[in-house]
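What TrEMBL annotates here:
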type: BINDING; residues: 98, 142, 143, 144, 145; note: phosphate binding site
type: BINDING; residues: 220, 222; note: substrate binding site
type: DOMAIN; residues: 63-307; note: domain 'Nucleoside phosphorylase'
Ligand SMILES: O=P(O)(O)O[C@@H]1C[C@H](O)[C@@H](CO)O1
Ligand SMILES: O=c1cc[nH]c(=O)[nH]1
């Protein structure tokens, strides 16, 4: 059903109904003016700051920031990457227990926890980190897991557009009591390059929209949560609707990730493996070996991209 070329959606940029904030243009937005004067900016959730670490020395050469939820997975990815490229892997550079940060040459591996609130904190501090470090041309990639919508478990979905839980391609923030909508744009060339590489590496891939839910259970229409005031047929009608809208997977961070990286002017992509096909169930029950194999797929794909782009 889901052939590689089958779901190559045309890229579109919609700014309709978007409330713009001061300083925002379509895409690259001016940095916070107050940041320029803060000589002692402390990145609280990383546990270090401008005054406590030589950020340009440690992070100035960064070209890729790879992120995803789990701290253990990101330690493992950093170690795998170091081994594959025959380069050293740093110790955990984070001085806080909120997030881990590993560095392998020009690639940073940072976990973001679960859901957009946690991701947004990590991402803002990572953007400030890259700014203070004077790192240039940094690409951000989210490597994650997700629930598939009409795709086989183990399929890697490279996202075209991120869609929120109200099914529009916007990231919604509430600021000063106002609902602000911003575009969720990802880099089209990066997406196409990832799809090409997946085909070359025989990694099962589809490309389509990703729905970003606000929770794992009711927000994703699961029938296995503690609460459930809808019927099985409602769940399937919703999944069907998602499928017909071009959604191929559901996770919990894509809108914020796409929006923040786009606003900051960084190229970005989202590459998530599906752990199950939600058309066939809700419980995530995979043997350990299979899970490791699935987790490895986004890593193998993104590593191939990084090695190609950086010639390492
Ligand atoms: O990147 P990961 O695999 O942590 O992200 C997905 C989305 C949620 O944060 C989490 C739910 O299990 O997995
Ligand atoms: O079904 C799933 C699996 C992983 N992550 C999600 O958010 N949903």
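Cβ coordinates are placed from backbone N, Cα and C, and glycine is handled just like the others.
Heads up, TrEMBL stuff is auto-annotated, nobody curated it.
On the structure: features taken from TrEMBL.
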residue : record                 : DSSP (3 states)
98      : phosphate binding site : coil
142     : phosphate binding site : strand
220     : substrate binding site : helix
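By the rule that a residue counts when its Cβ sits under 6 Å from some atom of ligand 2, the binding-site residues 98, 142, 143, 145, 222 yield 145. Take 98, 142, 143, 144, 145, the residues named in the record as contacts for phosphate: the widest Cα to Cα gap among them comes to 20 Å.
Most other Cβ atoms within 10 A: among the binding-site residues 145, 220, that distinction falls to 220. Here residue 222 (substrate binding site) comes close to 216, 228, 235, 282: these same-chain residues lie at least six apart in sequence, with C-beta atoms under 8 angstroms from its C-beta. Only 144, in sequence order, out of the binding-site residues 142, 144, 222 have a CB under 6 Å from ligand 1. By neighbour count, meaning other C-beta atoms within 10 Å, the densest spot among the binding-site residues 98, 142, 143, 144 is 142.
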